[in-house]
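Swiss-Prot annotations:
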- D7, D139: Mg(2+) 1 binding site (BINDING)
- D7: active site (ACT_SITE)
- E67: Mg(2+) 2 binding site (BINDING)
- E67: active site (ACT_SITE)
- D139: active site (ACT_SITE)
Amino acid sequence: MRVLGIDPGSRITGYGLVEQHGSRLVHLDNGAVFTDKAKDFPDRLRLIFEGLSRVIAEYAPDAVAVEDVYVSENVRAALKLGQARGAAIAAAVHAGLPVFEYTASQVKQAVVGQGRAGKEQVQKMVKALLGLPEIAQADASDAVAVAICHINSYQLRLQAGPAVATSRRASSWRNYRP
């Protein structure tokens, strides 16, 4: 299974591709889509959509996992983050891919084993799990963690059987039709 993980942001949207080979996780690529804050916001959303569409076309993932919006006291920032997530989800749905969403604490739990783990702990574990010396961009590292979270969660759902699969906490946009 090949998964594209996405850490959405209105300025920087990180992405990471991880593939599962048996019990091994293999890092394929990671990076970020950068937008220019001087541009108008709809144009920045277009850049996110187009950038992720290129990544999807190049790597042909089987699924996309997106970090869910966290609660923010800054309503304007939360709305912009939600719109950036929408652009990312639209790119995946446009390509016909299933989309799964995970909260930050679900990602941390799946990667580190603790839902309140710090960013540094997550980055360290991502590097250890994939045998990487470094991941240059923090947003890309977070996106790789989201991909790992989906692979681990997917495997657990398969092992647990249909009862868990129907009551999963991660939501899917697979059946969404505008």
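Placement of Cβ uses the backbone N, Cα and C atoms for every residue, glycine included.
Summarising the environment of D139 (Mg(2+) 1 binding site), the number of other Cβ atoms within 10 Å of its Cβ, over all protein chains shown, is 23. The Cβ of E67 (Mg(2+) 2 binding site) has 25 neighbouring Cβ atoms from other residues within 10 Å, across all protein chains displayed.
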